[in-house]
Amino acid sequence: MVNIRPDEISNVIRTRIEQYNQEVKVVNTGTVPQVGDGIARIYGLDKVMAGELVKFEDGTVGIAPNSESDNVGVVLMGDGLTIQEGSSVKATGQIAQIPVSEAYLGRVVNALAQPIDGKGKIPASESRLIESPAPGIISRRSVYEPMQTGLIAIDSMIPIGRGQRELIIGDRQTGKTAVATDTILNQKGQDVICIYVAIGQKASSVAQVVNTFEERGALKYTIVVTENANSPATLQYLAPYTGAALAEYFMYRKQHTLIVYDDLSKQAQAYRQMSLLLRRPPGREAYPGDVFYLHSRLLERAAKSNSQLGEGSMTAPPIIETQAGDVSAYIPTNVISITDGQIFLSADLFNAGIRPAINVGISVSRVGSAAQIRAMKQVAGKLKLELAQFAELEAFAQFASDLDKATQNQLARGQRLRELLKQSQSAPLGVEEQVATIHTGVNGYSDILETGQVKKFLVQLREYLPTNKPQFAEIIRSTKIFTEEAENILKEAIREHSELFSSRESK
């Protein structure tokens, strides 16, 4: 017979009573009556915040943008194939946020800032909300520093400043991504953190861009955020905000950042898909009523911080794709009205072999010469005027048979200036090379050449300068002024190179 010791039993009971925790844990839960097309309807999930994260039984996470009288509409961050009708859902009490750190540089991540490049986990000690409020008026200062793109047409006539939002707009296959990636390549050694956000692109296109960055040594100062065409609409919609949160992390640490959104047309389409599935009322072109706010709250996060916040900056060139050059469509007009200028890329110019295919006549930067160094201002003013006059004359010359000598000369100069703006892809130019190129063109040094020889002559001149006249680049870089000494050195270099060029060509 087992001996029962009352003192042991009483000790066990006493210990259990002391360990009893009276704390009641309240969990906000609901059930799934309906799921499909990346949308779940949740019944019984009371007191859920707008945009709160919710977690399903199978581990899938969703965002709750719609709170209705009898249910909550949730968009899923995944395919949701394992979510079953009647399964439970738990509110997390958190708004969507991502981890941030310096370790993200050189990595490829998705819209949830999770690495997808196979290089292992990214260490991060802090996090930021995906949707942060934009800096206020007092937190900003006016844009005054240039963000060099390395493209003559932009840096001379449509200059972009640090903290500006300059739209890149054009039809498909007109070189929009090339302009953006060249700008990122040109930031090498400029102490600028770059973020490339690819929304709804083909995986092969994104891989090509990443390879270009890696080959040219640009990946070490760049973060690539990508959600491909086969990603859920929710993640395509979130990707730009994730990129902005990463850029803000560096901006508020007194650094300069450049974030490219490629492209916001696809983000708007993903948002339209989400909204229609959530049964929100459609508006113009079936977009929901708040599609303007979708882009304005994203682009307003780009800023040039004031001195109290460390003078960091976030420059945002968004890309918009037009259909058959129609810039009066809903999304293009929205983004044009939000941004500080636009660069129009023309399919006609692209097909005519003028690349980058920038239509200088209708492109504009609302910051203007405030975002140029003095040396560029000195040479660029004449270029824009001469190209504008050439465009008018060219249209007139199509109908006139006999033109006087002055008009013929002006047309010849204009054709050579247009050649001067042509550049190969992934070959951005330093500001001193641009100043030399523009000065050569606007002062008529290329007028004696055949139109087809101009590009070759200028490429060889840019190669000749660093080896034979290195002091020219030193003066421009150190003083940022096109001084008389620099002009004399350049004139001498042009004269010497012209003799070499003509002797080579005559052979």
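Cβ coordinates are placed from backbone N, Cα and C, and glycine is handled just like the others.
Residues annotated as ATP binding site in Swiss-Prot, with sequence analysis given as evidence: GLY170, ASP171, ARG172, GLN173, THR174, GLY175, LYS176, THR177. Applying an 8 A CB threshold to same-chain residues 6+ apart, the list for ASP171 (ATP binding site) reads GLU321, THR322, GLN323, ALA324, GLY325, LEU345, ALA347. In the three-state DSSP scheme, ASP171 (ATP binding site) is classed as coil.
Among the features that Swiss-Prot reports, site 'Required for activity' is placed at SER363. Within the same chain, residues at least 6 positions away in sequence whose Cβ sits under 8 Å from that of SER363 (site 'Required for activity') are MET157, ILE158, GLY341, GLN342, ILE343, PHE344.
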Local Cβ density at GLY175 (ATP binding site) - other Cβ atoms counted within 10 Å: 21
Extra residues within 8 Å (Cβ to Cβ centroid of GLY170, ASP171, ARG172, GLN173, THR174, GLY175, LYS176, THR177), ATP: GLU321, LEU345, ALA347, PHE350, ALA357
Which of ARG172, LYS176, all binding-site residues, has a Cβ with the fewest other Cβ atoms inside 10 Å: ARG172
Spatial neighbours of THR177 (ATP binding site) that are distant in sequence (at least 6 apart) but have CB under 8 A: SER205, VAL209, ASP262, ILE319
